[in-house]
Amino acid sequence: MRPLFIVIEGLDGSGKTTQIEMLRDRFQGGGAACHLTAEPTDLPTGRLIRSILQHEITANPKTVAALFAADRIEHIHHPEQGMLAQLAEGYHVIASRYYFSSLAYQSEFADPGWIALLNMEAKRTLPADVTIFLDLEPDLSMERIAARGEEKELFETREKLTHVRESFHLAFEHFGEGENIHIVDASRDPVTIAEEIWGIVEGVLETIE
């Protein structure tokens, strides 16, 4: 059986990191190896994006969208840290964010069709076996972000999170044809969410040869 490529999407504060770690533990408990990764990456392209998100440097929003697409290509193809390389080694790859995040976050500033075109290479080269969206109301997202006690990033305001959540749903509707997308209520306790996610993943595993 080939390894899976699983994407976890969601607003900031939706619990992506927690669920990714719980999913990894579930795989490892069954003897399967996992590689956890995230976007922006820790590669040079990703570090530049993080500097923009943390207000250290400024850039045109369309430049940011193009940088995310470039970072994603590096994320896929890097000879050592790339997701294709990890899958070839037999690891299940679980990613926090992928191209639907670009469609959701950058669509406020650029045409979604243009953003989709930027990300066509990723969609063609490495589509996810399953994309799980942790759906959360913006008010609850803001509460969780505040509880972390960290400085807010570029998109971490109620207005922006509301737009991003709506944009995720629109992206799934308009650009999700042929994709295996599951929307999961992220307002519940982590264990309940993890059980639902594992049920989804088990269903995918049953279809993989």
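Each residue, glycine too, has its Cβ placed from N, Cα and C.
Annotated in TrEMBL:
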- 8-196: domain 'Thymidylate kinase-like' (DOMAIN)
- Gly10, Leu11, Asp12, Gly13, Ser14, Gly15, Lys16, Thr17: ATP binding site (BINDING)
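Features recorded in TrEMBL, as mapped to the structure shown.
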| residue | record | Cβ contacts under 8 Å, 6 or more apart |
| --- | --- | --- |
| Gly10 | ATP binding site | Lys16, Phe133, Leu134, Asp135, Leu136, Ala186 |
| Leu11 | ATP binding site | Leu134, Leu136, Pro138, Ser141, Leu161, Val164, Arg165, Phe168 |
| Gly13 | ATP binding site | Leu136, Leu140, Ser141, Met142, Glu143, Arg144, Ile145, Arg148 |
| Ser14 | ATP binding site | Leu134, Asp135, Leu136, Ser141, Arg144, Ala186 |
| Gly15 | ATP binding site | Leu134, Leu136, Arg144, Ala186, Pro190, Ile193 |
| Thr17 | ATP binding site | Ser96 |
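Under DSSP, Lys16 (ATP binding site) is assigned to a helix (H, G or I) in the three-state scheme. The residues near the ATP site, meaning same-chain residues not in Gly10, Leu11, Asp12, Gly13, Ser14, Gly15, Lys16, Thr17 whose C-beta sits within 8 angstroms of the mean position of the site's C-beta atoms, are Leu134, Leu136, Ser141, Arg144, Ala186, in sequence order.
Each of the binding-site residues Asp12, Lys16 was scored by other CB atoms within 10 A of its CB, and the lowest score goes to Asp12. DSSP gives Leu11 (ATP binding site) a coil state; it is part of no helix or strand.
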